[in-house]
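Colleague: Sharing a structure here in structure tokens format.
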Amino acid sequence: GSQTFLDIDHWNLECELNNTDHRTDLNDVDRLIVRRGQPFTISLYLRSGTYQPGVSSLNFIAETGPQPSEQYGTRASFGLSANIDTSRWSAAVSSPPGDMVALSICSAPDAPIGRYTLTLGESGQIEFILLFNPWCPGDTVYMDNEQSLEEYVLSQDGIIFRGSAKHPIPTPWNFGQFESGILDICLRILDMNPKCLKNPGKDCSGRRNPIYVSRVLSAMVNCNDDKGVLFGKWSDDYEGGVSPMFWRGSVEILRNWDTQACQPVRYGQCWVFAAVACTISRALGLPCRVVTNYLSAHDTNSNLVIERYVNENGEPIQSREMIWNYHCWVECWMARPDFKSDFNGWQASDPTPQERSDGVYCCGPIPVRAIKEGELMFKYDAPFVFAEVNADIITFMKKKDGSISEVNNTTVVGQKISTKSVNSDAREDITHLYKYPEGSDEEREAFKKANHQNKLLHRQQNQGLHLTIKVTSGMRKGCDFDVFAVVTNNTESEKKCRLVFGSCAVSYSGILGENCGFKDLLNVELSPGAGERRVPLRLNYSKYGDKITGDNLIRLAALLFDYTTNETTLAVRNIVLENPEIKVRILGEPKVNRKLAAEITVQNSLPYPLENCCFSIEGANLTGGCVISERLGSPVGPGEDAKVKMYFTPTHSGLRKLVVDFNSTKLCHVKGYRNVIIGK
């Protein structure tokens with residue numbers, strides 16, 4: 001039989017229907033945004049004739065990138081078939097014969113993501129954006145759990161854990177991946193990456209592979225080698241930009257980068273890099289979460305050993321501690337066809353610029369399981385991530401006379417690895433995904449594989465004298481409080497010791513500040529058989545107040561010298577001071593397109609008045625994609641409340657976070673939030 005080409009007059013892309021079906025409707029419904037390996041349906045209206053099965057034909061060409069080619073997988077030509085084949089590019093008609101034709105089109109589940117044109121025979125072209133599809137079993141990012149997909153792809157806000165291992169503090173974050181214009185900015189980030197500028201055809205072809213895309217993102221979120229998004233800064237001077245504490249979400253950062261000709265946004269630190277990478281990943285359809293590793297090692301020479309030197313007061317000799325109080329990175333969910341199937345699932349990648357990988361500041365993706373098993377030859381950057389959670393710390397004391405001796409120390413790297421739980425704001429502890437239980441046979445096996453000689457030798461610590469640092473609860477910024485060095489004598493003889501107990505300000509990345517209080521006891525006597533001494537150190541706000549950074553951290557160090565054995569023991573603990581709590585009340589019944597008021601209160605916990613007080617709020621689908629700010633006209637005295645009423649109008653129903661920031665002269669960037677359920 002002879003084929004007749006369909007004579008198309010006009011068409012309707014049915015954006016609202018398709019985008020809703022493909023779960024992209026939160027971006028917008030004015031243009032077609034679909035996920036790979038899943039059919040979408042458009043309506044064709046014929047100029048003449050009707051559609052006749054087996055007789056009518058239509059040829060299609062789908063193209064992406066500046067140099068589309070079939071060899072690179074960036075161009076596909078196909079015709080009408082009887083039924084959709086979801087394993088490749090295909091098209092079929094799903095309506096009865098007539099002058100309106102319902103045409104279903106399906107992309108290949110491994111097609112490159114990005115902007116596409118689809119040519120319909122001789123009749124014209126349509127445009128659409130194609131994203132990863134974690135709902136599609138044929139896509140390598142497939143995730144078989146609806147609640148996890150809600151959290152890791154569709155949720156536009158979250159919690160990032162900061163603070164300290166003993167006191168994780170939840171920080172709210174507005175990811176905002178579906179806010180207006182964000183998807184376009186994310187695609188622009190891919191187009192600005194150096195590999196794309198050098199060879200766009202090859203780069204667009206690489207976009208079929210989530211391993212490639214997540215690696216590109218880990219390089220593009222920092223600006224160290226490219227026109228990346230964020231400029232990192234870890235000292236306390238943020239001239240020429242804003243403190244990393246300033247940000248409440250990713251939207252403003254991405255928009256600033258986009259409107260300022262791709263100049264890096266100043267400034268970011270690890271949780272900001274990770275949060276922005278999470279926004280971009282979710283926007284592109286990669287399931288993603290931000291994780292925090294407490295007491296994260298920064299191993300520069302890859303021997304899995306961190307050597308730190310202290311003086312006779314227990315203060316580090318180098319200007320910074322090589323152990324970060326915490327460090328944040330991201331995990332993306334994908335299969336790893338390059339390994340055996342045990343290594344599918346969460347892959348760690350780290351957008352914070354720390355070390356070069358293949359000559360570029362990027363890190364990952366590496367299967368989290370490979371870290372746990374000690375498989376350090378796996379791609380990419382396994383040794384660096386393995387060290388972050390497993391490095392051994394050896395401490396040496398350098399005396400005034402230049403002599404060096406090893407010091408007993410029990411700090412364990414890689415504690416309380418944390419992420420937000422699915423469906424709740426609680427902390428989920430995922431340490432077990434990175435490490436086997438301490439002292440287990442499996443742990444030994446992993447260390448053998450990783451050639452972690454130090455941990456295998458596991459030098460026996462002297463358990464005779466035990467030293468720890470204890471604190472009380474409720475160490476609030478603005479208060480005076482005691483911390484304690486506790487010394488226990490587990491030997492059978494009396495001990496005479498010297499105890500040096502000091503404190504200093506420290507940033508989360510280990511940069512040391514000034515002394516906040518110090519004590520040197522030359523004659524501490526301990527009776528045998530678990531005799532104990534508690535030595536208090538008073539920390540006064542008048543002394544620490546102007547020394548601590550926005551991280552609110554103080555480093556406590558106790559050094560114990562045993563006169564009888566000449567052995568020295570060091571205990572280090574970072575404490576985090578709590579900011580006052582921000583209270584948020586929502587006035588009015590939360591409904592779509594209804595103006596609501598948030599009544600926000602924070603108490604001044606400091607003994608000084610707060611000046612230049614400013615409240616800011618933002619929230620996905622709550623504040624119209626903007627930040628709403630309000631300044632207070634007058635200072636807020638000690639013990640008084642700073643209070644404000646702010647208005648916002650939700651645009652979508654569902655559970656949303658209203659993220660709040662309070663800033664003033666002495667209390668900087670205090671964060672709070674309120675979960676709001678918006679009714680239809």
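Cβ coordinates come from backbone N, Cα and C, glycine included.
Below are the features listed in TrEMBL for this protein:
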DOMAIN    262-353  domain 'Transglutaminase-like'
ACT_SITE  Cys270  active site
ACT_SITE  His327  active site
ACT_SITE  Asp350  active site
BINDING   Asn390, Asp392, Glu438, Glu443  Ca(2+) binding site
Colleague: Can you give me the residues near the recorded Ca(2+) site, meaning same chain, not Asn390, Asp392, Glu438, Glu443 themselves, Cβ no more than 8 Å from the center of the site's Cβ atoms?
Modeller: Val412, Gly414, Lys435, Phe447, His452, Lys455
Colleague: Of Asp350, Glu438, the recorded positions given in the record, which has the fewest other CB atoms within 10 A of its CB?
Modeller: Glu438
Colleague: For Glu443 (Ca(2+) binding site), which of these active-site residues sit within 10 Å, Cα to Cα: Cys270, His327, Asp350?
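Modeller: None, since no candidate lies within 10 Å.
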Colleague: Report, in whole Å, the straight Cα-to-Cα distance of Glu438 (Ca(2+) binding site) from Asp350 (active site).
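Modeller: Taking the Cα atoms only, Asp350 (active site) lies 25 Å from Glu438 (Ca(2+) binding site).
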Colleague: Note the mean pLDDT of the domain 'Transglutaminase-like' (262-353), expressed as a whole number.
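Modeller: A mean pLDDT of 92 is what the predicted model shows over the domain 'Transglutaminase-like' (262-353).
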Colleague: In the structure shown, which of the binding-site residues Asp392, Glu443 has the fewest other Cβ atoms within 10 Å?
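Modeller: Among the binding-site residues Asp392, Glu443, the sparsest Cβ neighbourhood within 10 Å belongs to Glu443.
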Colleague: Taking Cα atoms as reference points, rank the recorded positions His327, Asn390, Asp392 by distance from Cys270 (active site) and give the first.
Modeller: His327
Colleague: I'd like to know which of the recorded positions Cys270, Asn390 has the most other Cβ atoms within 10 Å of its Cβ.
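Modeller: The most densely surrounded of these recorded positions is Cys270.
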Colleague: Measure from the Cα of His327 (active site) to the Cα of every one of the binding-site residues Asn390, Asp392, Glu438, then give the nearest.
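Modeller: When the Cα distances are compared, Asn390 comes out closest.
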Colleague: Measure the Cβ-based neighbour count of His327 (active site), defined as the other Cβ atoms within 10 Å of its Cβ.
Modeller: 26
